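In what follows, a structure is listed as structure tokens, so that the remarks can point back to it.
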Amino acid sequence: MNKIKNYRWHMIALVCFITVINYLDRTALGIAAPTIMETTGITKEQYSWIVSAFQLAYTLGQPVMGFFIDTVGLKLSFAICAAIWGLATMGHALTGTWSGLAFMRALMGFSEASAIPAGVKTASTWFPAKERGVATGVFNMGTSLGAMLAPPLIAWCIMFHSWQFAFIVSGSLALLAALFWFFCYKDPKDAKRLSDEERHYIESGQEQHLKTDKKEKTSIKHILSQRNFWGIGIARFLADPAWGTINFWVPIFFVETLHFSLKEIAMFVWLPFMLGDLGCLASGFVAKFFHDRGVSLINSRRITFTIAAVIMMTIGLVSIVENPTLPYY
């Protein structure tokens, strides 16, 4: 059997593809929100509960999905989760009440919480430590790419047919992605087309605990006592609201305050996510740049994250824009 060169990059590209669908489905609500609110009479307060249902379920789902993936296995568990969020996305089309949408968003959020743990698991399984930053950046590009594709696709579906049709289309893509993942993903030990040379390169560059199939059980108490856990958790707690604002509230702001049409949303709202893609890819190389120049791996990642966090603060400038087609002076 012919070996595939750079097999590990095929696997990270695969998880990137599934993440694209994950974030396309997630972002669909924000793009469709002005139309949904207009046709169903859902208020902004009720919409906020719909958004909160997703966010709460997503938050609670991440540790559960991490445990699920570790217990059941990456291949089967991620396929199951993708199928569930695909069905939940399609379920949006079956309800026109805020409570019904909140339920579907909660189900969707809980299952979509598998995406980042699955991506991190793929990167740690398939890549040596020195390449993991770039690999994580590549799969994380799927978050912005999916969100970037959502505005034109969802807007087109709404203009062509209805907002319900938009969720049926995006949910169907998730079901196809689940099948694609299940039949294409392989663990390194099962990958017959992985060359011995690449297998040795991956294993020799991994941490000791990843080189063995023997897994030590870790308690919740032990996890909560780790400094790394709190460092990552607090950073995500502070940074994720900015991402959520872009996903769920900026399209409504553009429609109600800047008077964008649905066509203009399709034309312009994807731009922040395109730059997000570039940032995801660049961050891995920035961390590698510092590491190659003698900075420790952990400090290289800290510096990169700090630079990104400072840049994220510019989201506040959106509120002072008066003319969306011209720079602000």
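Backbone N, Cα and C atoms are what each Cβ position is placed from, and that goes for glycine too.
A TrEMBL annotation is a machine prediction, not a hand-curated record.
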Where TrEMBL places transmembrane segment among the ranges 9-30, 229-250: 229-250
Folded-back contacts onto the transmembrane segment (153-183), same chain, C-beta under 8 angstroms, at least six residues removed: 14-15, 17-18, 21-22, 24-25, 27-28, 31-32, 35-36, 39, 75-76, 78-80, 82-83, 85-93, 262-263, 265-266
